[in-house]
Amino acid sequence: MSSKPGYKVADINLADFGRKEIALAEKEMPGLMSLREKYGIEKPLKGARIAGCLHMTIQTAVLIETLVELGAEVQWSSCNIFSTQDHAAAAIAKTGVPVYAWKGETDEEYIWCIEQTLVFEGNKPLNMILDDGGDLTNLVHEKYPQYLPEIKGLSEETTTGVHNLYKMMRENKLKVPAFNVNDSVTKSKFDNLYGCRESLTDGIKRATDIMLSGKTCVVAGYGDVGKGSAQSLRAFGARVLITEIDPINALQAACEGYQVTTMEDAIKQGASIYVTTTGCRDIITGDHFLAMRDDSIVCNIGHFDIEIDVKWLEENCVEKVNIKPQVDRFLLKSGNHVILLAEGRLVNLGCAMGHPSFVMSNSFTNQVLAQIELWTKAGQYPVGVHVLPKKLDEEVARLHLDHLGAKLTILTSAQSEYLGLPADGPFKPEHYRY
């Protein structure tokens with residue numbers, strides 16, 4: 001790979017602003033700060049060259065500096081063209097960590113940024129991957145397979161990326177051990193659920209200043225992301241309809257008091273706000289747009305931009321007006337308008353600041369533990385998709401309790417013997433569904 005710049009960000013002069021916000025975030029991320037305190041002297045990641053592809057936010061800055069504190073060399077790109085917080089990228093670049101990320105990249109620039117993270121100083125290739133969505137993983141496997149022999153493992157952050165890993169395994173394409181961070185309970189049941197519960201409506205409101213109370217909204221999908229999104233909209237006084245393919249999730253939604261219906265029926269009921277959360281393609285299509293009421297707001301909080309048929313809007317609109325960054329109003333031939341947020345990409349990061357620091361501390365503590373497991377136990381994990389042990393999952397939760405003033409009850413020896421459980425856990429079997 002040819003020579004590259006030391007970093008590429010929107011404006012390095014934003015570094016001081018970024019540093020001030022990082023200082024605030026550290027106070028809300030007790031899991032990561034505890035890992036620095038526990039492992040900072042030991043440096044368990046010494047020798048690791050971690051290429052990271054994950055939203056370059058203030059919270060990710062705290063993750064990056066934790067990895068560095070634990071001994072790793074790190075190079076970073078963002079996993080979404082709109083999710084970078086430019087002051088965060090500048091702050092990390094100023095510390096000497098190579099960062100290639102800015103808000104508003106083109107698709108071509110996005111790939112270029114990922115490619116800059118593959119080779120480290122001294123022409124040494126990456127030997128660890130920290131991914132969010134699978135783009136870095138796929139790029140290395142498909143375009144740069146010469147680097148695979150040195151890679152000790154990868155950790156994957158999100159549902160979409162985990163689906164990609166299992167697909168690669170089925171097709172015999174995965175060549176390194178992988179940790180499914182997403183399905184740690186302290187990730188999926190917190191980041192996906194509580195994170196989206198706070199950041200979805202933050203994005204919608206910042207983008208549109210809409211009043212949600214009294215509106216009819218549609219949430220496509222009732223997984224953890226859909227659950228959090230539906231709760232958020234309902235909390236503002238909206239009437240929420242759910243669409244689902246899975247009968248179990250559909251029954252859960254119905255038992256929570258949501259009407260479960262089809263997208264077509266929801267449109268007929270006069271819904272005016274649409275949120276896709278499915279991780280699948282073609283959830284909202286041209287026929288749906290044509291049937292919607294005037295100035296319906298459409299957005300996505302799934303990882304990729306394939307849930308909403310943005311291409312149809314671009315090709316079939318009479319006029320497209322950009323209201324402000326990541327807010328576009330399309331005039332259709334029917335005379336009605338559709339308001340599209342974040343170009344169909346992650347609305348909470350494109351139109352707001354993403355999840356709060358505290359919930360990301362849960363997710364990123366899992367990421368760091370996964371990187372330590374893979375790096376310090378190289379060869380012990382075969383090629384495949386693994387999850388962190390239940391004991392570590394519980395420890396991640398434990399690290400965050402004091403910050404909320406929570407106090408755990410401790411089993412007595414008699415109770416421990418009665419239940420057949422160690423007094424300090426793990427408390428649930430692997431198959432337990434929280």
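Glycine is treated like the rest: Cβ placed from N, Cα and C.
No curator has checked TrEMBL annotations; they are predicted automatically.
As given in TrEMBL:
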| type | residues | note |
| --- | --- | --- |
| BINDING | THR57, ASP132, GLU157, LYS187, ASP191 | substrate binding site |
| BINDING | 158-160, 223-228, GLU244, ASN249, 301-303, ASN348, HIS355 | NAD(+) binding site |
| DOMAIN | 192-354 | domain 'S-adenosyl-L-homocysteine hydrolase NAD binding' |
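Among the residues the record lists as binding substrate, namely THR57, ASP132, GLU157, LYS187, ASP191, the two farthest apart have Cα atoms separated by 17 Å. Distance noted between the C-alpha atoms of GLU157 (substrate binding site) and GLY302 (NAD(+) binding site) is 13 Å. Taking the Cα of THR160 (NAD(+) binding site) as the reference point, the closest of the binding-site residues THR57, ASP132, LYS187, ASP191 is ASP132. The two recorded residues, LYS187 (substrate binding site) and ASP224 (NAD(+) binding site), show a Cα separation of 10 Å. A straight line from the CA of GLY226 (NAD(+) binding site) to the CA of THR57 (substrate binding site) spans 23 Å. Scoring each of the binding-site residues (THR57, THR160) by how many neighbouring Cβ atoms lie within 10 Å, the top position goes to THR57.
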